[in-house]
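Notes follow the structure.
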Amino acid sequence: MSEVLITGLRTRAVNVPLAYPVHTAVGTVGTAPLVLIDLATSAGVVGHSYLFAYTPVALKSLKQLLDDMAAMIVNEPLAPVSLEAMLAKRFCLAGYTGLIRMAAAGIDMAAWDALGKVHETPLVKLLGANARPVQAYDSHSLDGVKLATERAVTAAELGFRAVKTKIGYPALDQDLAVVRSIRQAVGDDFGIMVDYNQSLDVPAAIKRSQALQQEGVTWIEEPTLQHDYEGHQRIQSKLNVPVQMGENWLGPEEMFKALSIGACRLAMPDAMKIGGVTGWIRASALAQQFGIPMSSHLFQEISAHLLAATPTAHWLERLDLAGSVIEPTLTFEGGNAVIPDLPGVGIIWREKEIGKYLV
């Protein structure tokens with residue numbers, strides 16, 4: 001096979017609706033501002049990926065970064081690891097972090113998708129693993145007692161064996177009321193994860209988490225500011241229940257710092273922020289060496305492939321950011337994600353829908 005080159009990069013900014021707004025203790029995400037990426041190759045295949053900007057304020061900047069990076073990658077070989085190394089070097093003075101790192105991850109994910117298509121194999125098999133069901137939890141919001149309970153019951157009826165609910169209400173009693181109501185509705189053999197979204201200081205996090213661990217929660221996620229690894233370590237040291245973090249690690253190097261000081265007993269990198277497929281591979285090796293169970297954050301389509309190839313795979317987060325513009329090739333059965341038997345990641349754009357949400 002002759003060398004496959006990158007021949008073009010197209011980006012489209014969209015702002016798509018969510019089935020439920022994502023309410024958190026620190027704010028609400030009402031829509032999903034996404035950058036859709038198409039990476040064309042000399043083999044005739046096109047790799048697809050998308051990025052989540054979190055806020056519409058950052059959407060155009062993220063798209064522009066990708067557009068400006070196009071000239072750096074066109075006519076380069078379709079070799080994701082080498083592309084990542086080149087971009088890391090090009091941006092070392094500006095700082096290979098933040099939106100720059102996120103944009104580079106979008107290129108990486110699209111390149112791996114294209115590589116799978118070139119070899120006519122799903123990404124999971126390209127990574128050397130077999131496709132298998134990946135256990136998933138249904139990810140919810142700061143919904144209040146009634147809606148949180150209703151959504152948990154619905155998830156259980158759909159076959160899920162765990163849910164995550166966001167907490168961080170004004171009073172601890174409110175956090176406990178939500179967890180207790182869910183527990184009463186779904187029973188003891190059902191996982192309940194809780195997420196504070198960085199909303200507490202360390203003393204408050206210790207106090208609330210010590211109360212919550214008596215309720216049998218599976219983990220307590222980001223109880224304090226995500227960059228405060230020492231604070232997380234102090235919280236974890238006072239608890240039996242695992243602290244979960246990682247969605248804001250910008251690259252495996254941040255994961256290494258957190259794990260090295262015992263900031264958490266569970267890890268959940270975000271496929272975008274950790275550095276795409278290339279960053280995830282490195283992160284999964286760290287998790288294996290530290291003996292840390294590793295879950296995913298958002299990006300459920302590609303994360304299913306990645307977790308199936310992760311030695312310490314734990315849970316996939318089911319939260320459908322892009323369902324308005326992506327065909328539902330990733331399915332869920334009996335609480336598990338079922339990887340599609342399609343080349344690459346399996347992302348297929350719903351082109352007729354994309355036009356409705358272009359920014």
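From the backbone N, Cα and C atoms, a Cβ is placed for every residue, glycine too.
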Open item on the list: Given that Swiss-Prot assigns Asp195, Glu247 to the Mg(2+) site, pick the one from Glu215, Glu221, Glu230 that the record assigns to that site as well.
Closed with: Glu221
Task: Whole-number Å value for how far His297 (active site, proton acceptor) lies from Asp195 (Mg(2+) binding site) (Cα to Cα) - done: 12
- [ ] Compute the centroid of the Cβ atoms of Asp195, Glu221, Glu247, then list the same-chain residues not in that set whose Cβ lies within 8 Å of it, in sequence order, for the Mg(2+) site.
- [x] Lys164, Met193, Tyr196, Asn197, Glu222, Gln244, Met245, Met268, His297
Open item on the list: Taking 10 A as the limit, how many CB atoms besides its own sit near the CB of Lys166 (active site, proton acceptor)?
Closed with: 25
- [ ] Specify the nearest of the recorded positions Glu221, Glu247, His297, Glu317 to Lys166 (active site, proton acceptor), where nearness means the distance between Cα atoms.
- [x] Glu221
Open item on the list: Same chain only, sequence gap of 6 or more: which residues have a CB within under 8 Å of the CB of Glu221 (Mg(2+) binding site)?
Closed with: Lys164, Met193, Val194, Asp195, Tyr196, Asn197, Val243, Gln244, Met245, Met268
